[in-house]
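Let me begin by presenting the structure, written as structure tokens, before commenting on it.
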Amino acid sequence: MRNGDDLEGFDGEASSASMISAASSPYQPTTEPVSQRRGLGGLRCDLDYLRGTLGRLKLAEVLLALTAFICIETIMECSPCEGLYFFEFVSCSALVVTGALLLLFSLNLHTRIPQINWNLTDLVNTGLSTFFFFIASVVLAALNHKTGAEIAAVVFGFLAMAVYAVNTFLAVKKWRVSSRQQSSRQSSDYIRARTESREVVHRPEIQRLDA
């Protein structure tokens, strides 16, 4: 039989062996949060954005662009067709780009790509969409044959232009505010860095320790 000292020594050897095997094992326990390992599995819809002014404008733009695209697609005959083709391209492009931005903003996917200035991206999209919807609607109104589908496409085109114009105005204000905040943050960081460097220069004991 083993006495108490033998058992104690045996337990110590067993615990040491288990620690060594655990350290050498490739299957190590992880403390990584589950939400980070899920990738896109933890997405949630941002209802506050959809209920806000910008979210509602984005929804209205998608619906109006889709309706205008459907109206233009129902036209079977055209002569000349350049105005119709241009309106079709503008409405389809606005629908795809605005729909993608709405998806990114409503699911907060844009926060995972901070390298892109999303305020400026939204501003460029709304500004270009306003301009091209205006041109396409004017051209289609001048070249149409006064059919029901063409008149409906022109009406929805001008409505989409108006909504995009409002969104452009709000996007400009938001972009200016974010630009000011970023510039003030950069200036404060610069001032803090200059202050710290001056403190190091005026304290020679820190230089001797670093040397």
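Each Cβ is built from the backbone N, Cα and C atoms, and glycine gets one as well.
What TrEMBL says about a protein is an automatic prediction, not a curated fact.
Taken verbatim from TrEMBL:
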DOMAIN    49-176  domain 'MARVEL'
TRANSMEM  59-77  transmembrane segment
TRANSMEM  83-105  transmembrane segment
TRANSMEM  126-145  transmembrane segment
TRANSMEM  151-172  transmembrane segment
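According to DSSP, the domain 'MARVEL' (49-176) comprises 108 helix, 0 strand, 20 coil.
Confidence annotation: the domain 'MARVEL' (49-176) carries a mean pLDDT of 92 in the model.
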